[in-house]
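J.: Can you read through this structure? Questions will come right after.
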């Protein structure tokens, strides 16, 4: 059975998709209006999310409770006219499954009890059987996809190897990546060993999400922007490129979005991958990104490299815009969409925030954002 036949067989388990606007935009097909969703759209800005999380007890218990993970995924779709759902989970599920002891402290974000700081730590990391150690994620994907009943497509996701490695080595969030960058310059082979292990796990993890029901995949390279140019190529992009290439072998029909926060400088590098779309944060104008990607395609052709398909764009409203008035939000959305379609394009774009929606946003302002996107005339 070919990969395409296998994907078609998997789809028979679920209701037909009713709203494929986002998928059509990623394929550069005609769309009636701009598709939109929000990173972290199931989150703490919603009172119903807070209530469900309180019932679960803590964040990871919520992630591992199939019924509640399904519920919080669906909550924003009940409020808003969104064009996609995204699995409710966390980017740190892989290192948690590797035994690093993920926990959360109030006001301090995620932490690991057992950070990776020496070769013995690295050698102890298991080769994951994702369908065993992360079976709760796959159960949630299937449950959510079934509950959606074809309403909108479902995103699965993972953190990138580089981003996961920073958390695993630092033991949590970091402002300067002291230990991770220390290895990068003093013992790069150690870091490459870890990134290689993580890339293998990310491939298997995202593959399993597709089998469970995910229709689109996103790789969150949240801290790729902390790297220098050459370091980004070697320690982030190379592994992301490998992951996407293998996913395209296994599931050629599944779109993959690659989002590197702070990665606008490296769109030409990311163009040399099989990702269907690149996510932008708010620091890179969309019209300029389109121009960079068009020129990158020309250069790749001249260099006789494999010419990957044109890249759609996703993004990139500053999340802080949602603190503004409805009039301000609409004006900023219109400016963003003017930029997205400035060069005469009519598709190949998905509206989103430039990073996750924050817990302090008024839910009514999120609706203003979503409705303003749909109201814009392409």
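Including glycine, each Cβ sits where the backbone N, Cα and C put it.
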J.: Check Swiss-Prot: it lists 40, 41, 42, 43, 44, 90, 167, 355 as binding substrate. Then name which of 133, 201, 222, 310 it lists for that same site.
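T.: Swiss-Prot names 222 for this substrate site.
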J.: In Å, how long is the longest CA to CA span across 40, 41, 42, 43, 44, 90, 167, 222, 355, which the record gives as the substrate binders?
T.: 23
J.: Would you identify which of the binding-site residues 44, 355 has the most other C-beta atoms lying within 10 angstroms of its C-beta?
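T.: Output for this query is 355.
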J.: C-alpha of residue 90 (site 'Transition state stabilizer') to C-alpha of residue 355 (substrate binding site): distance in Å?
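T.: Distance (Cα to Cα, whole Å): 15 Å.
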